[in-house]
There are 2 protein chains.
Amino acid sequence: MFNIKQSNTEKSFLEFVQKIKAYDSAQSLLYWDMVTGMPEKGVSKRASIISLLSTEVFKMSTSDKMKEYLDNFSRQEVNKDLDPVMKGIVRECKKNYDRFKKIPEDKYRDFVRLKSEAESIWKKAKQNDDFNLFRPYLEKIVDYLNEFIDIWGYEGNKYNTLLDHYEPGVTVEKLDDIFTDLKASIVPLLKRVKDAQDKPDDSFLKEYYDPATQEKLCELLLEEIGYDFKAGRLDESEHPFTIGINSGDVRVTTHYYPHNLTSALFSSLHEGGHAIYDQNIDPELDETPLHDGASMGIHESQSRFWENIIGRSYNFWKSYYGKVRKLFPEQLNDISLDEFYRAINKVEPSMIRVEADELTYNLHIMVRYEIEKALINRELEVAELPEVWNQKMKEYLGIEPENDKEGVLQDVHWSNALFGYFPSYALGNIYAAQFYNTIKKEINNYDELISKGHFQPIKEWLGDKIHKYGKLLTPTEIIKKVTGEEINSRYLIKYLENKYSKIYKL
Amino acid sequence: MFNIKQSNTEKSFLEFVQKIKAYDSAQSLLYWDMVTGMPEKGVSKRASIISLLSTEVFKMSTSDKMKEYLDNFSRQEVNKDLDPVMKGIVRECKKNYDRFKKIPEDKYRDFVRLKSEAESIWKKAKQNDDFNLFRPYLEKIVDYLNEFIDIWGYEGNKYNTLLDHYEPGVTVEKLDDIFTDLKASIVPLLKRVKDAQDKPDDSFLKEYYDPATQEKLCELLLEEIGYDFKAGRLDESEHPFTIGINSGDVRVTTHYYPHNLTSALFSSLHEGGHAIYDQNIDPELDETPLHDGASMGIHESQSRFWENIIGRSYNFWKSYYGKVRKLFPEQLNDISLDEFYRAINKVEPSMIRVEADELTYNLHIMVRYEIEKALINRELEVAELPEVWNQKMKEYLGIEPENDKEGVLQDVHWSNALFGYFPSYALGNIYAAQFYNTIKKEINNYDELISKGHFQPIKEWLGDKIHKYGKLLTPTEIIKKVTGEEINSRYLIKYLENKYSKIYKL
């Protein structure tokens with residue numbers, strides 16, 4: 001589609017870039033194998049090989065050779081003649097080079113070591129519900145990030161530099177507006193839901209559901225929504241994830257809980273959404289840094305679209321509930337489609353983000369966003385976190401954790417220095433609702449397609465509007481191109497109000 | 001066990017060597033995944049990543065950096081102070097360096113390309129039973145090998161140089177003697193077997209055996225003989241193989257045929273034998289080129305020992321036949337232990353090496369050995385192969401193939417230029433019988449252990465005498481150390497005569 005014409009320098013640069021990507025993909029497979037089926041005695045060696053390959057990727061990405069290429073292709077008279085794909089590749093490589101090369105090498109190495117230590121300390125702290133154990137590590141991480149931001153530079157707010165790593169184009173200024181709007185709508189909506197008389201009963205979802213049958217169901221649903229099993233596979237791991245080894249090999253995992261029907265099911269749809277994205281990036285972008293999602297938020301919009309907007313819709317279950325009931329007749333014969341639909345959409349403010357429903361999920365993100373922003377701007381001390389966390393949970397969700405384990409210590413992200421990442425989850429929901437609003441206009445029998453389980457036109461629409469571009473377009477460009485608008489939380493608010501007003505008869 | 005003390009140069013050399021090994025092991029995992037469970041659309045990218053990593057291994061192994069290390073450690077005054085492990089590592093690296101570095105780079109690259117082309121042409125030729133299609137490729141391969149042998153140099157016979165790649169210490173002069181003796185005993189023994197009146201009936205082995213139950217059986221047997229599932233796993237692939245990813249991760253595969261009870265079963269024992277070897281190499285040799293079998297022949301001796309000498313013995317089935325019968329009562333309830341034992345040891349000259357029984361197997365090897373030797377010494381033209389193959393099959397096995405597909409085209413080896421490799425299979429059988437003779441003397445309740453299924457002392461004996469040394473000792477040293485003798489085919493002859501005289505009541 002892009003009709004790439006290359007000079008010899010471009011060819012040799014592409015070969016270099018492909019080599020980096022190849023190492024990356026070897027590393028991905030080694031990781032996938034480690035968490036799905038590696039014999040336990042292989043673990044220490046495996047970890048060191050993964051780290052060796054990742055060091056090589058780092059070295060190549062920040063090498064003199066890379067600099068030479070980038071210097072050449074950044075020269076005005078050369079750059080202007082590059083085709084869009086080459087321009088995109090150069091842009092991404094340069095971003096990466098600048099990000100890592102500006103940090104002195106020994107400082108960066110120390111930082112990597114700190115993160116790895118911090119993660120294992122965080123695990124222990126969470127297990128023992130002991131925030132103070134983790135505190136000094138988190139303080140050091142915040143210090144490092146502050147130092148790095150000074151080196152990298154920033155515009156407006158320091159936190160913008162971190163946001164840029166995951167969601168280029170999104171700033172604190174924009175996010176503050178978006179989240180203020182969201183909060184102003186969701187908090188009162190949540191209150192009305194909590195006060196509603198007629199609440200869904202989801203107790204039947206916690207009966208025993210044979211894991212092997214759950215697996216069949218997940219396979220079926222993935223197949224139905226258009227996940228290509230000839231270019232992927234479904235396995236079990238502790239935490240569900242999607243991993244692209246190469247364009248013809250994008251794997252998903254889930255986790256089966258015997259007493260939970262919906263966990264594996266919706267996480268499969270979620271990961272399926274990520275994987276369909278990766279499977280449908282234009283093959284011409286293969287083996288380049290553009291063979292990736294446009295941003296974390298755009299990627300998340302695809303997983304949320306399939307998991308929530310489609311997967312938790314009434315129309316979807318019109319075609320699939322019968323099949324689920326056939327697989328689990330004992331548990332579901334007495335449950336009507338309406339009861340099932342309401343149960344899978346039950347709203348309940350809870351402590352744990354990853355278990356949150358569609359309505360409260362974004363509130364969890366806002367709590368984290370405000371804390372991260374304040375930490376990076378030195379408006380908050382790490383020591384104050386547990387208290388602030390609990391206050392904010394009260395403010396946003398109306399509940400307070402009883403301990404730090406299910407409070408401030410619940411997520412792994414901060415131990416990995418992943419500051420600026422959390423907002424992508426909420427942005428994914430916002431983008432997904434914007435895409436939903438557009439697709440309903442452009443595919444006028446959308447509802448009928450969903451209720452008949454005909455997803456091909458929808459998959460194609462997403463592929464054509466979003467997936468095929470990979471990382472060639474920025475998230476801002478994609479949103480604008482697809483919806484004609486900027487990022488806009490109004491559609492998510494409308495979607496949530498509509499949906500929950502009906503379910504809770506508000 | 002080896003008490004390694006290292007200088008700084010030694011440490012940095014070891015790190016370099018470990019890096020090579022790490023790439024190697026990444027490549028192994030990528031290959032394993034490709035043939036056990038990779039989605040089909042991943043294949044082309046996977047092949048290119050494997051080849052990229054293998055090129056890196058080649059580059060490092062033949063780099064100036066490697067040369068510098070080797071030059072340093074080869075200097076008399078440095079070398080004499082190295083401990084045996086370091087000496088071994090240097091020896092192996094040097095062997096490798098010399099082998100590849102002496103060939104001009106572009107010639108080597110052409111050769112690698114030729115091999116890869118030749119393999120795919122061979123596949124087609126075999127499929128279409130068209131030797132002439134393959135002929136020009138094989139001619140080129142023989143030419144290249146001849147040229148390489150001239151570059152590498154040789155002593156006595158040209159073929160010795162190729163033998164040395166797989167079985168250092170074994171020469172044409174030795175092999176000719178060994179195979180002459182073997183032939184002189186096996187050919188008449190085979191004739192007596194063919195003329196025997198009371199032949200085993202193995203038709204019941206071809207009934208339907210549920211593959212899932214076969215898998216359980218293979219798992220059980222692997223567990224019983226001491227294969228460590230915490231440092232490995234069993235999967236299915238088209239052709240059975242063993243692959244060491246690292247010392248804590250040595251995987252085996254098999255292939256289940258619904259109408260064949262013994263194929264998966266004995267191939268599991270066979271691969272289990274290879275894997276137990278790799279799992280029990282001294283951990284101090286980890287991540288060095290010494291963490292490998294002493295030679296192809298010694299490795300094969302371990303697989304043959306578990307597959308044949310133990311796995312096809314009467315005593316073994318004393319303890320396990322009951323279990324197999326329990327898993328497949330319908331098929332086996334009317335079959336006695338004696339009938340089962342005779343069936344799994346049925347001798348029948350057949351066209352295909354990989355399906356051959358213990359007695360005829362070595363004859364297949366001799367046919368290939370004589371042809372390879374003659375080709376390399378220019379005493380035979382490639383064009384003559386089909387005719388010569390058929391003559392020799394007649395001479396050794398008393399049968400002639402009806403086409404080249406089940407004749408000269410059956411094995412992949414020659415398309416990969418693996419000349420000198422075939423003899424290792426027969427040497428494995430010879431070594432195994434020598435070890436068997438020794439172990440019976442040193443563990444005096446050996447027969448009792450086997451018939452009770454107590455393999456621990458046997459596994460330990462093999463570990464202590466053979467496995468732990470990895471590639472530290474040469475095959476010649478190991479045979480001498482364990483048996484007190486040189487390589488000696490007498491024990492295999494005695495073993496075969498004993499075994500088949502009883503089974504066929506000769």
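Here, residue 1 is simply the first one shown, and the rest follow in order.
Backbone N, Cα and C atoms are what each Cβ position is placed from, and that goes for glycine too.
All TrEMBL annotations are machine predictions without curation.
What TrEMBL records for this protein:
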BINDING   A:H270, A:H274, A:E300  Zn(2+) binding site
ACT_SITE  A:E271  active site, proton donor/acceptor
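Sequence-ordered, the extra residues of this chain that approach the Zn(2+) site, with Cβ no more than 8 Å from the Cβ center of A:H270, A:H274, A:E300, are A:T242, A:E271, A:G273, A:H299, A:Q302, A:S303, A:R304, A:W306, A:E307, A:G428.
For A:E271 (active site, proton donor/acceptor) paired with A:E300 (Zn(2+) binding site), the C-alpha to C-alpha distance reads 10 Å. A:E271 (active site, proton donor/acceptor) is surrounded by 27 other CB atoms, counting those within 10 A of its CB over all protein chains shown. Counting only same-chain residues at least 6 apart in sequence, those with a Cβ under 8 Å from the Cβ of A:H270 (Zn(2+) binding site) are A:P240, A:S303, A:R304, A:W306, A:E307, A:G311. Long-range Cβ neighbours of A:E300 (Zn(2+) binding site) (same chain, at least 6 residues apart, Cβ-Cβ under 8 Å): A:S424, A:Y425, A:L427, A:G428, A:N429, A:Y431, A:A432.
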